[in-house]
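Pulled from TrEMBL, these are the features on record:
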- 83: active site, proton donor (ACT_SITE)
- 216: active site (ACT_SITE)
- 279-311: disulfide bond (DISULFID)
- 325: active site, proton donor (ACT_SITE)
- 350: active site (ACT_SITE)
- 436: Ca(2+) binding site (BINDING)
């Protein structure tokens, strides 16, 4: 079924928005997000590997031809370094590793080079926003004290290591290793990493800590850097398990109804709220269980299972059986969104991602059952004539659609569903690590050397 869903999403994107970033499935036209500046084709690049994995050969071929002829980075526009990295660089790298088509490697490295000026700061902590023509960077105006954001500069590592591997140019890997050096030198409040870091002074901004938005994928990439290095990156490993220890001590709580959740930390005070984005952490804990100190393996799996259950409850307690953007554990509510601006669902993948990891690591059938519930809800409430749309209020009887088919729906949500119902030997975890946009990158084995160098 995820194959049919992919076909519906892709065919409509092709029909109504081809070459533009995303599709508006109700108005049947293109949608352009300012995250990508004037770079076009986000859905095409994000979906390449999904098309390939699902063996949609015709579609993959058309997408590849579009990339060859039309994917252009010489645009005078400001982009989000993080979003362009995880979707475009990640998407191109995966397409290359899966298909072996040289065009994808070439475009990935070309785009990587365009992103390098973002690191021209006093500390080497990159800017959030970069004009890829002028090379001028800046930070989000709303970010605490002109800071860069942990989840943004902390989610470059996997892709940049591969850029060095594929180009033979060490500069990409050096840039991201330096980020880690800066973080290692800093004092962490209670062992936690605040979400804001000033790239000029190298000091933390406000002491806000979150495993949801603003923090999330930084932690994921510490673990995955270690896994992707064939478990040789001891530094990444230590940083990950130390961080999990601090998260357990200070952020993980149990509600009176027995649901385990991950709260947010604001200068020492807890906010008992969990975002849909935070739900990826169930899969992360389970994926990291194997490398945990030996007496802790079962505990990490259990933690993953509990987060999965809480996130399933956040879906189950809505009218539409789709989870809200954020849900709370206070004032007598549990796993329910209490604010209007948190009741939306924009086709996000994190809960299904966790089901997929939990299924592969435990083979408990409930994860497939829960995934199937999500499929039914997506088909019932998000599928429209012109594709798939997000929903403004998941507690409502009637769908109010937001009219955007996010590129990550094709890249992540549908890919994780497909993997949840596939055999374990499709993209097995011992050989592949998924970037935070679900783009698979191969584990770099010690004996690989830099074989690409000789092939050039």
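Start at 1 and count along the chain as shown; that gives each residue its number.
Glycine too: its Cβ is placed from the backbone N, Cα and C atoms.
Positions of the features from TrEMBL, shown on the structure.
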{"residue": "83", "record": "active site, proton donor", "Cβ contacts under 8 Å, 6 or more apart": "35, 36"}
{"residue": "216", "record": "active site", "Cβ contacts under 8 Å, 6 or more apart": "151, 210, 277, 278, 280, 281, 436"}
{"residue": "279", "record": "disulfide bond", "Cβ contacts under 8 Å, 6 or more apart": "307, 311, 314, 323, 350, 351, 353, 354"}
{"residue": "325", "record": "active site, proton donor", "Cβ contacts under 8 Å, 6 or more apart": "275, 276, 337, 341, 342, 343, 344, 345, 346, 348"}
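Cβ neighbour count for residue 350 (active site): 24 (other Cβ atoms within 10 Å of its Cβ, all protein chains included). Over all protein chains present, the Cβ of the residue listed as 'Ca(2+) binding site' has 26 other Cβ atoms lying within 10 Å.
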